[in-house]
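Chemist: When I checked TrEMBL for this same protein, it listed these features:
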COMPBIAS  1-10  compositional bias 'Basic and acidic residues'
REGION    1-22  region 'Disordered'
TRANSMEM  31-48  transmembrane segment
DOMAIN    34-654  domain 'Major facilitator superfamily (MFS) profile'
TRANSMEM  68-93  transmembrane segment
TRANSMEM  100-122  transmembrane segment
TRANSMEM  263-283  transmembrane segment
TRANSMEM  344-362  transmembrane segment
TRANSMEM  382-402  transmembrane segment
TRANSMEM  414-434  transmembrane segment
DOMAIN    459-514  domain 'Kazal-like'
TRANSMEM  535-561  transmembrane segment
TRANSMEM  573-597  transmembrane segment
TRANSMEM  625-649  transmembrane segment
REGION    683-702  region 'Disordered'
COMPBIAS  687-702  compositional bias 'Basic and acidic residues'
Amino acid sequence: MEERTEEGHTQENGGSDCAARQPRTSPCTSLRMFLVALSFAYFAKALSGSYMKSTITQLERRFDIPSYLIGVIDGSFEIGNLLVIAFVSYFGAKLHRPKIIAVGCVLMSIGTFIIALPHFIIGRYEFETSVRWVVNSTLNPSPCRPDSLANLTEDGTLPQVPASGCEGESNLSMWIYVLLGNVLRGIGETPVQPLGISYIDDFATEENAALYVGCVQTISVVGPVFGYLLGSLCAKIYVDIGFVKMETITITPSDSRWVGAWWLGYLIAGVITLLSAIPFWFLPRSLPVPRPEVPEKCTPEQTSFIKGSPLLKHKYSADEHTSFIEMAKDFIPTLRTLLAHPVYLVYLCVTIIQLNSLIGMVTYKPKYIEQHFRQSASKANFLMGVINIPAVALGMFSGGLLMKRLKLNIMGAAKFAFGTSLIGYILSLFFFAMSCENAKVAGVTLSYDNIEKISYDKHPLFTDCNSKCVCSSSDWDPVCGENGITYVSPCLAGCITSAGSGKNTVFSNCSCVGVAGNFTASTGHCPQKDDCDRMFPYFLALSVITSFIISLGGTPGYMLLIRCIKPQLKSLALGFHALATRTLAGIPAPIYFGAIIDTTCLKWGQKRCGGIGACRIYNTTAYRIAYLGLTLSLRTISFIICIPGFILLSRQLKEEERSAIHGALRNGGTELEVLRKEELVISNSDQPHHPSENSTDRQTRL
């Protein structure tokens, strides 16, 4: 059985040396094994990365931090990449690539476990509420406390007294654990993409390389489907599940104070990432370089011509044994050569700007759905995973398939990627028309007097109807009045008494709800039934269409990066591209997107130990303009830069074509000279010679 395998291996690769190096496994099988292993690693890293984005609002509320700090945490993953990616891409291409990828997967797993660590260190989650869980409803305290106004500060708020135990439970130290774990995740993810893609491109035939890359990229987009679904599931589960009685929890998943079991998904993602490291330990360092299939009727001269075909020039043998010192000395000159490539530089600028737009949009899209369309975090994550991400996966796979079917060259791939991005940009403009009004919250989006018209002007929380109550303006404990208006707290609604317990608590004698003062209010936001519910399905449909169209150009654009540079620079080009995009897009985009979103906040929460916490409610109109406007403005700039890029690419292709023609003419001239010499020899042989001379000429010709 082994002999038959070796024989087939020899016939397939045209050389017994390849069979001698790997007698047990054929190169085709090893490449397929690597393809499966790399796809699983892509799946694992994409799952944990998308799960991180799905927990953004959960982490904000749990650690009481604004959006820009969440952006810092999200960007810390790219900081981990930044630390090592250039060196891993350069030196890793000359070392054992599969084992380096395996080490990276292990580090990713450890970092994911560290992210979940704060849950097991920090205390129980405590949210601000005036609702108590008591068996006897007569013991319920009055929300409106007619205490002396002397207890108020100058701005009409209650003095803030830090809660006991704040020093031992500082939330600051807790979110730093999440940041450090994400940095380690970034370090571990570094070798997966550049080394994995270059390995495939080195040992796969040219016609299959694009399809293989498309398959791997597709699997990497399937990962976020499960990541967001996992985020949706965990968002439904209360953060301290198993440690508290769920009957005592007085908030629901749709409440802005709700925190899901964010830590649970990180434990699951860490285990999956650890499993993805196993196959890479058993894969070979290199495989025989594939050669074009030679037709049976080819002459030896044709066969040698095909073996020396320029189609094989993009294949770069990674099995060259070079000393570490020699590689280090060659690093700076090689990098300088790469950065002197004009087409590569323009491609780099375009992708950096477009990725700024893409990363900022994807990072805060679930939050946009939550705030603008008033959906729960669980539903927002579910919709991202089930509807939006599969459209991206289908688009990337279709792009790779179309590139193979249409046999696109470099210019064709560039035009295809540009066209799909432009169509998606035009369709994205319609998002501006899909608007929703904000919730009606007294003292925030409307005044107590004029409860019909929403206005984002500064409204006072204190008015005549709650003047007899001593309330804190920093509390966020919303109740829904009978008049359909949401009030910041029962106290600010002027409610004097309460009955019931937990989620079923009813506040009565609320002076701000009705003129007579005998109106009631219930816990939670008032349900808003307006045009927003009818607009949301159209938003989802347009989101799916634009995601599919834009992602069609993903694989052709990536193959453009691989093909526009010399084969020796391929791994370094991929690595430096990833380094630049992570440095200039992955790190800053979530931070400045989050900072701009923070400027649209109308009501900030209060930290347990004092200070501003997470935002409770946003100005949806300003949020929409800032979020969509920034996204589309960045894309506009990238399209402008594409114009000189096409000019430079056209020049490069013409120069390569011209040099190829000159090379062919030189080779043709050499062959013509050889033919003339042979003709001269033959003509001389026709003349009478001595027998010894004729014998010598015959030996010369042979």
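Positions of Cβ are set from backbone N, Cα and C atoms, glycine also.
Just so you know, TrEMBL annotations never went through curation; they're auto-generated.
Computed from a predicted structure; not experimentally measured.
Relative to the rest of the structure, where do these features sit?
Modeler: Proximity of distant same-chain residues to the transmembrane segment (68-93), defined by a Cβ-Cβ separation under 8 Å and at least 6 residues beyond the stretch ends, is recorded for 49, 52-53, 56, 59-60, 100, 111, 175, 178-180, 182-191, 194-195, 198, 318, 324, 327, 331, 334, 363, 571-572, 574-576, 578-579, 582-583, 586-595, 598.
For the transmembrane segment (100-122), the residues of the chain that approach it from at least six positions outside its boundaries are 38, 41, 44-45, 48, 52, 80, 88, 92, 169, 171, 174-175, 177-178, 180-192, 195-196, 239, 262-264, 266-267, 269-271, 273-274, 276-278, 280-281, judged by C-beta separation under 8 angstroms.
For the transmembrane segment (263-283), same-chain residues at least 6 beyond its ends with a Cβ under 8 Å from one of its own Cβ atoms are 30, 33-34, 36-37, 40-41, 43-45, 47-48, 51, 54-55, 98-99, 101-106, 108-110, 112-113, 115-116, 118-120, 227, 230-231, 233-234, 237, 239.
With a cut-off of 8 Å between Cβ atoms, the residues of this chain six or more beyond the transmembrane segment (382-402) that come close are 50, 54, 210-211, 213-215, 217-218, 221-222, 224-229, 231-232, 365-366, 369, 375, 408, 416, 420, 540, 543-545, 547-556.
In the domain 'Kazal-like' (459-514), the DSSP tally of helix, strand and coil residues is 6 helix, 15 strand, 35 coil.
Same-chain residues lying 6 or more positions outside the transmembrane segment (625-649) and placing a CB less than 8 Å from one of its CB atoms are 342-343, 346-347, 349-350, 353-354, 356-357, 360-361, 364, 368, 410-411, 414-415, 418, 421-422, 425, 428-429, 431-432, 564, 593, 596-597, 599-600.
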Chemist: For the domain 'Kazal-like' (459-514), would you mind checking the mean pLDDT of the predicted model?
Modeler: 79
Chemist: Short question: which residues 6 or more past the ends of the transmembrane segment (31-48) have a Cβ under 8 Å from it?
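Modeler: Same-chain residues near the transmembrane segment (31-48) but 6 or more away: 25, 98, 101, 105, 108, 112, 185, 189, 192, 196, 199-200, 203-204, 212, 215-217, 219-224, 226-227, 230, 266, 269-270, 272-273, 275-277, 279-280, 283, 287.
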Chemist: Go through the chain and flag residues at least 6 beyond the ends of the transmembrane segment (344-362) whose CB is under 8 A from any CB in it; none is fine as an answer.
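Modeler: Non-local partners: 53, 338, 421, 557, 560-561, 564-565, 573, 577, 580-581, 584-586, 588-590, 592-593, 627, 630-632, 634-635, 637-638, 641-642, 644-645, 648.
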